[in-house]
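Visitor: Pulled these from TrEMBL:
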{"type": "BINDING", "residues": "Asn160, Lys161, Ser162, Asp163, Gly213, Gln214, Ser215, Gly216, Val217, Gly218, Lys219, Ser220, Ser221", "note": "GTP binding site"}
{"type": "BINDING", "residues": "Cys295, Cys300, His302, Cys308", "note": "Zn(2+) binding site"}
{"type": "COMPBIAS", "residues": "18-38", "note": "compositional bias 'Basic and acidic residues'"}
{"type": "DOMAIN", "residues": "113-271", "note": "domain 'CP-type G'"}
{"type": "DOMAIN", "residues": "121-269", "note": "domain 'EngC GTPase'"}
{"type": "REGION", "residues": "18-47", "note": "region 'Disordered'"}
Amino acid sequence: MSKRKLSRQQRWRIEKIQAERAERAARRDTQDQDKLEAGEYGPEQPGRVIAHFGRTLEVSSSTSDRTYRCHLRANLDSLVTGDRVVWREGGDGSGVVVARSERDNVLERPDARGQLKPVAANIDQILIVFAVEPAAYANLIDRYLVAAEATGIPPVLVLNKSDLLPAEGGELRELLRRYEALGYPVITTSTQRIDGLDALHRRLTGCTSVFVGQSGVGKSSLIDRLLPDEALRIGDLSSDSRKGTHTTTTARLYRLPAGGELIDSPGIREFGLTHLDARQVTEGFIEFRQFLGHCRFRDCRHRADPGCALTAAVERGEIHPERFASYRRILDSLDHELR
Ligand SMILES: Nc1nc2c(ncn2[C@@H]2O[C@H](COP(=O)(O)OP(=O)(O)OP(=O)(O)O)[C@@H](O)[C@H]2O)c(=O)[nH]1
Ligand SMILES: [Zn+2]
């Protein structure tokens, strides 16, 4: 009884808060409209969302190095870091975003209720970082690759801590050759060597990248080396009263001194361990694609099914047995998650 009453009360409060929010946004929009008509905003210009805090955005201008605190016209959907926008300057370092350009792609993460929410957009490559220590294993790499394939953003494999590799290369080199044979670019890095980041710098130039990977592989160390100026990492939002609750969780876009851009947040770094469905997993193994649709049965589960084109390809040596085993393991883990 009391439980129900409470929930109705909560619902009423939520509705009230939402109504107030909508009213505030509408008021702000009318003010914007007045200002726009009064010519208080400059001409439309392209920009990019560097960070966002609710409906306040930090937007970089494509004509200067400055960033501007902008708000969003109420008729626009929410934006994410990396979005390309059209905005107008309002003087005093502020502005208004009036339109969003089409997104090339978007990275999504489940929110607290398990619903997928966009966290960043317009990313050119996902750098999957793994290391000699903690030892990389194929199944985890495959999981990240599958998650990357599902977004349509090309993945790049980054083997960090190459200073710890045995002279003859060991099993890890063998493993990397397998991925290279599939067409994935592989680069090696070390934060312990002067020239350890050369290949990485080349990869990052001219692109927007994100780093993902297991804890301890060296993502923070790599980013520290790429953004040596601490001010670059922390940003300039100290005057924002909402800072404390948002800066650590929302994604932020950084300009790399050597060229290129990096979008980073704790949520993005953990990307890849999110939920995938069985079809995404199957299509995420890129070498399987040519065989899909050729199984005898349309609903083939690619297990012991007769006439399975995938198991036949494994037998002919056209699919690596370890990749196939890895595929099975990822599917089994999904069944487990659903239970
Ligand atoms: N030998 C060696 N150690 C490294 C290298 N890069 C990072 N490390 C060390 O590896 C450890 C983990 O590095 P982090 O940068 O904290 O790793 P991370 O991926 O950011 O980890 P989380 O913050 O937990 O996600 C630290 O002790 C680093 O000093 C490297 O190239 N070579
Ligand atoms: Zn099959």
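Every residue, even glycine, has its Cβ placed from backbone N, Cα and C.
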Visitor: Should Ser221 (GTP binding site) be counted as helix, strand, or coil on the basis of DSSP?
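Guide: Once the DSSP labels are grouped into three classes, Ser221 (GTP binding site) ends up as helix.
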Visitor: Those binding-site residues, Ser162, Val217, Cys308: which ones have a Cβ sitting under 6 Å from ligand 1?
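Guide: If the test is a Cβ under 6 Å from any atom of ligand 1, the answer is Val217.
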Visitor: To which of the binding-site residues Asn160, Ser162, Ser215, Ser221 does the lowest count of other Cβ atoms within 10 Å belong?
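Guide: Counting other Cβ atoms within 10 Å of each of the binding-site residues Asn160, Ser162, Ser215, Ser221, the minimum falls on Ser215.
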Visitor: So how many of the residues in the domain 'EngC GTPase' (121-269) end up helix, strand or coil by DSSP?
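Guide: Split into helix, strand and coil, the domain 'EngC GTPase' (121-269) gives 57 helix, 31 strand, 61 coil.
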Visitor: Of Ser162, Gly213, Ser215, Val217, Cys300, which binding-site residues come close to ligand 2, meaning Cβ under 6 Å from one of its atoms?
Guide: Cys300
Visitor: Sort out for me which one of Val217, Cys295, Cys300, Cys308 has the most neighbouring CB atoms within 10 A, since those are the binding-site residues we care about.
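Guide: Going through Val217, Cys295, Cys300, Cys308 one by one, the largest Cβ count within 10 Å is at Val217.
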Visitor: Which one is it: of the binding-site residues Cys295, Cys300, His302, Cys308, whose Cα lies the shortest distance from the Cα of Asn160 (GTP binding site)?
Guide: His302
